[in-house]
Amino acid sequence: MASAGKPNIDDGRRGTSSPKLKGRDHAKDTLCRNVTIYGRCRYEDKGCVFNHDPSRVNDAQHPERSSSKKRFNVDSPSFTPSATPLNGSSGLKKSATISPKAANAAPFLPKGVLSRSNAATPQSQPETSTPEWSIGEIQDFVPQGFDTSHVESIHGHGNGVLSTPAYDPFVSSSTPLGASGAVTHQVQPNPYSHDPSAIGGAAFFGAHNAFQQPVQYHLYAPIGPHNQNILGYQRNIHDLFLPNSFREELQKKAAATLQTLPNSQLPTQIDYFHSLVPLDLSHQKNAAIFGYPSWVYKAQSSKDGNFYALRRLEGFRLTNEKAIRSVQNWKRVSCGSVVTVHDAFTNRSFQDSSLIFVTDYHPLSKTLAEQHLADGQGRYQGRHTSGHIPEQILWSYVTQIANALKAIHSAGLAARVIEPSKILLTGKNRIRLNACGILDVVQFDSQRPLADLQHQDLVNFGQLILTLGANSPSLMHNPTKATEHFNRSYSAQLNNSVYWLLSGMQKDQERTIDIFISGISSQLMSTFDSSLHLDDQLISDLSRELENARLVRLLTKLNFINERPEYEHDRQWSENGERYFLKLFRDYVFHQVDAQNAPVVDLGHVLTCLNKLDAGTDEKVTLISRDEQSCFIVSYKELKKAVEASFQALLKPARRI
């Protein structure tokens, strides 16, 4: 062993050197102790026979570690891929140390840059039986959907190198490369290639059996418009549920539609209609408008099952068949402000000759006379009058009736009946012209020019607005007083519009419904804006009721799974595994009892459990068997997974085994 003190290099008389093991040939595989102690041996070049390279000693002592050493070493001066030795010849032994030539090695260039440089300087490919790896032959990463024609020049086309199909991470590994036969083996998949499903590489991975959460239909998204007058922590009941007034209105309309009249004296069948229910509020006959007493009924059609309104003209005798054919023109009128006419026919089921008009049925609708007028006698006796009508509501009526007359006159027809008792109020400030086309049949023989009838519609329109604004059903008896009251109550624009309508029969200038609509365009925009706000509100209300059947679907799946009689003796299905604690969960939700062993009927508990199950929360629940010998602690997420898996097993029985 070398001396611990500092030796004198120039002293040639001292023969101290690295210890030598005479007679041992493996001294070259023994690490010199000077290297271990001092880090180097000063006698390495003066005859020391021991090994001064620790890496060679480790390779000699651990040959298995040397064989597993990575081929690509960061200490190597340049990247040189390994090739299979030809004819079984052994490859050259690589040096593990850094070569002095490493200082002159070329700088590292990315693959794309190097491939571009190769395109500029063609190189000849060595002629060997086995193709060698080339940087230019490897394609760059190109997502699916990207046009590869723009990057063909990068992959060696035109550089003198024969391009071979390279590895594509988006192609299944079972697909062989190319048809040239140069490479016959299959390329192994690259475990480091990133292939998110959003790029479209889902086909690269096989299907897996892991449980996937379904689309979260139970997560309701608040759809506008939103109320900006409340703070962030404040909530209204309308923000969570459908407004009670709207719900009650729809329920009442549904009940009125399905209403029947037992022990009725009405005919059981009129043509293809049945289940007649009278809609008139008075039993007094009134023939002032049509010339015949008229009655209105609700009936159900045997053809489509829908409900319609039947208006019967009592005692009418049809003398001209062409008169009833005029109803065909009214079938083509499609307007939201006109009650649609579907059919007209004569019938003797009421023990007389009656004319029946079939129109749409709007449940719980009122007439404008019932809503705003009360004369103290006749049909409207004792009804509450709303008094003065706000001008904005009156303008809403004007725009809707103008819309109806626009559609009717454009079809070459005339309404002829614009009366408060024949205009339906089907919703909040929502009106529709009713009983249109009846006078075309009743007064078919005494036809007037269409232009005169349309001008008369304008006059009747003005008289209607004046009657409603003055709150005077007897307008014709004292028109001056009604006009003065109307002028004092409403703006000049509304007064001028009504005066223009009342002058519809004058020949001093052209008067059409189109000219009238142009004059009230500002009010049309206001009404249109209100309809848009109502549309937004209805969409918001509908979004809250979009998935209100999700708990029913969940209950249906649970009932499909639990206690199936065909699997009663199949322990794999009913008494073991996930089906068993689904059965216990059913008892936990619906079959609880109190301290007195009485059934607990708690709808809130049922809804809470089902909502948590539908959401798949991480909250855990304790399930105990009926004999109290088994206890499970599971989460709602696991329960939801079990429900979906069991239901899919029912759809595909082969999975159950």
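Backbone N, Cα and C atoms are what each Cβ position is placed from, and that goes for glycine too.
What Swiss-Prot says about this one:
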REGION    1-29  region 'Disordered'
ZN_FING   27-55  zinc finger
REGION    52-98  region 'Disordered'
COMPBIAS  75-98  compositional bias 'Polar residues'
REGION    115-135  region 'Disordered'
COMPBIAS  115-132  compositional bias 'Polar residues'
REGION    259-521  region 'Pseudokinase domain'
BINDING   Arg311, Asp360, Tyr361, His362, Pro363, Leu364, Ser365, Lys366, Thr367, Ser421, Lys422  ATP binding site
COILED    522-560  coiled coil
REGION    561-657  region 'Knob domain'
Give the three-state DSSP assignment (helix, strand or coil) for Arg311 (ATP binding site).
-> strand
Per-state residue totals over the zinc finger (27-55) - DSSP helix, strand, coil = 11 helix, 2 strand, 16 coil
Average the pLDDT scores across the region 'Pseudokinase domain' (259-521) and report the rounded value.
-> 89
Using Cβ-Cβ distances, find the residues under 8 Å from Pro363 (ATP binding site) that belong to the same chain and are at least 6 apart in sequence, listing them in sequence order.
-> Lys252, Lys253, Ala254, Ala256, Thr257
Quick one: largest C-alpha distance among Arg311, Asp360, Tyr361, His362, Pro363, Leu364, Ser365, Lys366, Thr367, Ser421, Lys422, binding ATP per the record, in angstrom?
-> 17
What is the total of other Cβ atoms whose distance to the Cβ of Tyr361 (ATP binding site) is within 10 Å?
-> 20
What are the non-local neighbours of Arg311 (ATP binding site), defined as same-chain residues 6+ apart in sequence with CB under 8 A from its CB?
-> Ser294, Trp295, Val296, Ile356, Phe357, Thr359, Ala435, Ile438
